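Have a look at the structure below before the remarks.
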Amino acid sequence: MQKRHVRSNLRIVLFPVVIFTVIGIGLYIFKKKTAPKHFEPSYYTEETPALLQVPHSIYRVVRSKSMSSTDFPDASCRKRKESCPATILITGENRTFGEGVAKAMLISPRPNNKSNGLVGTSRETNTQFGNDLFDGGYTYQVQSNCLNSSPPSMDNYIDVACVEGLPLWRMSYSEINNELYKVLISYFLFLFQAYDFQNSSTKGFNVNIGYNSTYRVRSPDQELNPNVVRVQKAENMITNGFLQFLRGPSTKMILESVSETPFLKFEYPDFDQPAMMVILYVWMIHQLFPVFLQSLVYEKQQKLRMMMAMHGLGNEAYWMIMYLYFLVISILYICAYLVAGTLAGLPIFIKNSVSVQFTFYFVFMNLQISMSFLLSPLFKRAKGASVFGVFMVFGTGLLGAFLFRSWVQDPSINRIWIMALEVYPGFALYRGIDELEDYGKGAAKARTFGIQWRHLKDNTSGMREVLIIMTFTWLVFVLIAYCVDNISSLRSRLSFLTKSQMNTSSSSNSDMEPNMFVQMEKEDITLERKKVEQLQNGPNSLYSAICYDLKKIYPGRDGNPDKYAVKGAHLALPRGECFGMLGPNGAGKTTFISMMNGLLEPTSGTASIEGLDLRNQMHMIHTIMGVCPQHDLIWDTLTGREHLRFYGRLKNLSGSSLTKAVDDSLRGVDLLQDGNKLAGKYSGGMKRKLSVAIALIGNPKIVYLDEPSTGLDPASKNKLWEVILEAKKDRTIILTTHSMEEAERLCDRIGIFADGGFQCLGSSDELKSRYGGSYILTITTTPEIIEEVQGVIEGFCPGATRTYCLSGTQKFELPKTNIKKSEIFGAVKLAKKRFPIQTWGVTETTLEDVFIKVAVEADSSIV
Ligand SMILES: Nc1ncnc2c1ncn2[C@@H]1O[C@H](COP(=O)(O)OP(=O)(O)OP(=O)(O)O)[C@@H](O)[C@H]1O
């Protein structure tokens, strides 16, 4: 069945490919345009100033009572901005040498704070070099003193401050370690740097450098390892100090900067005002929602789902098939989306973990499918559902970007509210994609990796939050959608319970019914009722379908009284019988058939089909039932053969027996040549033939045919009748028709249904002899003499009644008991001598006459 949308499914799955191809081309052009001309085509290397890690003023260590050393700066320096010195602890075997080198290491005062002398930053980093120098935080010039320096200022958009380096001598490195430990653990303060000159002298320089190792990075195996931050500059400073100590200030050995290996330099265009790319991704992923919703509503609107149910496809199976079908499309779509996005070179796809991305989209797709099931009962028309879906998708993207995003970023909004909003799947999708985009872009800038599974361990992770919420919402939606879908059958089961209680509490419920039900029952109807009552006592292998007093009352709405559509029908149909139901419009035929095929729940009474009870075994009855509804319920996008294969499978046919059954069906209804044509391109008659073939495939035990030959040409009609006559041999057929010819040709018994009940039952001949014991005389004269003609007819046949009179043409019913056919001929001959007769004729009663008579009688008997 699901093959029917191959092309449209392919179009859907290729949609992201098209979009990302366009974006990829756009980015390629952008890249070409913006690539620096003086570099190799698109490769680039970046220089980073070599920096020191300097603690921010408030974290620099000062003297306190708990510390044994008294040479630390006084705490009063904290009151003045950036005036606390940065302490450098030094030790070694030779104090004079060590203090000399440390002093030479610090650069002389530079009053103008020019960036030429920049050496340190207080900014945290998780890279060795920290090339984010210009991204906030103070930048320091470490000098021997800051007496003449200007206060912190802006230089080339960088805050530059002078910081005084304060070397303090300690007796041993263990003393330094002791102080470093105390300072760090007890006060959360940081010393600037520590140097152990060991046995260094003017002849040789051996140094051990102490650095701040509180910056940590995660290693690939998830360990938190200390990051060796900015040690290069510390090393260079002390080496330079040693050189200057030996050779004087004119000799310098300065590490200015470090260069990375070349990398592909490409800044992605910043579309993110406001979150344009995120909106696009949200639309692309969410666009399957209207497709699914429309598809579900379409099957309901076209009654295809009902048709499938009537052929044995249970609710659960339908759910499963549709769900899996949508899921397969979704998975293909996600794959196409991820591959196309990656090929287009977008960071959100390249930088983030593929498995995280796939999991996120997979969970959302499931949520989206369950939401389609949940909302589908709200719509009657597929177009309405589709329009709603499209608006919802577009609205979600826009609301997400312009409202929801700002709420997420606003720390003053309680997280609970954000989580409540994320219960709406569109916002959860927006949040997730926004996270992926942020991680992707950030990673592209820093040339690291985007979101990984380990990021989801963090309790504050937005992705973790939406994944949990979406999974929860998905399960809830599935549960609610399933309950809503089954609510009608649940209700009917409950109503059946109350009805059976009613039936057991009172043997007859006739006192519930209005007086108008009470009318004289015809003899044939009484016989049928008695037969049914006898059959009620035990199963009978001869009878395929038995109706026990089926009744249907439609509840009155808007102040109207209840409508008694079927007032109690008894019927016993032997196997192999084709039973015809005739009746005027509104008589209750469709209601009766709908109760029999499970579309409507009887108000009371029941029926047994092949021993199965209509009230609680309908799902089993569906598997042995075939239905040709009044209006063709077929998929325009499936071929006739595919229809038959689908319904054949529902009837448990498979393999070669299925192929044979399909071929025989197509041949039977003369559609073999057009079997592979789309049913949407069939003519009205061809569709009708297909509907009949669908009803008969799979050897059903009982078949309902509602006006099967409507719209067929005489030749096709005859062919179809042959098929039905052949089919009725080993099954029971109930057929409704307005064609007397069809009823007479196909039906073994006919029941005329009027005013909510059978008015007569019997074969065509029985009915004609029972209800039509008269000749019909049709006579046409000039209109002026119709009274005279009527007088003559009534004169020669007492009891003659005029049933029709229009512009000179009159019809008379002449009771067979009062006149012979030859006497009619003689009388007309005599009449011709008195007045001119244009045309005349005598016929026996037809089924049509019986029909009209019975219908009129039923109509006039209504109180
Ligand atoms: N859902 C409903 N709610 C209320 N009344 C209904 C409903 N469906 C049918 N009826 C009424 O029940 C009566 C029987 O309708 P039904 O459709 O069974 O007649 P019918 O014999 O099939 O007519 P037709 O030959 O025109 O199809 C009609 O008076 C109709 O108005």
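Glycine is no exception: its Cβ is also placed from the backbone N, Cα and C atoms.
According to TrEMBL, the features are:
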TRANSMEM  12-30  transmembrane segment
TRANSMEM  275-297  transmembrane segment
TRANSMEM  317-346  transmembrane segment
TRANSMEM  358-379  transmembrane segment
TRANSMEM  385-404  transmembrane segment
TRANSMEM  416-433  transmembrane segment
TRANSMEM  466-484  transmembrane segment
DOMAIN    548-780  domain 'ABC transporter'
Check your understanding: So which residues does the transmembrane segment (317-346) touch in its own chain, when a touch means Cβ under 8 Å and the partner is 6 or more beyond its ends?
Key -> 1-2, 9, 12-17, 19-21, 23-24, 27, 268, 277, 284-285, 288, 292, 295-296, 305, 308-309, 354, 357-358, 361-362, 365-366, 368-369, 372-373, 440, 482, 485
**Study point:** Leading stretch by Cβ pairs under 8 Å, where the reference is the transmembrane segment (275-297) and the options are 12-30, 358-379, 385-404, 416-433, 466-484
**Key:** 385-404
Review point. Which range out of 12-30, 358-379, 416-433, 466-484 gives the transmembrane segment (385-404) the most CB pairs under 8 Å?
Key: 416-433
Practice item. For the transmembrane segment (12-30), could you work out the same-chain residues 6 or more beyond its ends whose Cβ comes under 8 Å from its Cβ atoms? Key: 268-269, 280, 284, 287-288, 291, 329, 332-333, 336-337, 340-341, 343-346
Revision key, fill the gap. On the domain 'ABC transporter' (548-780), the mean of the pLDDT values is 87
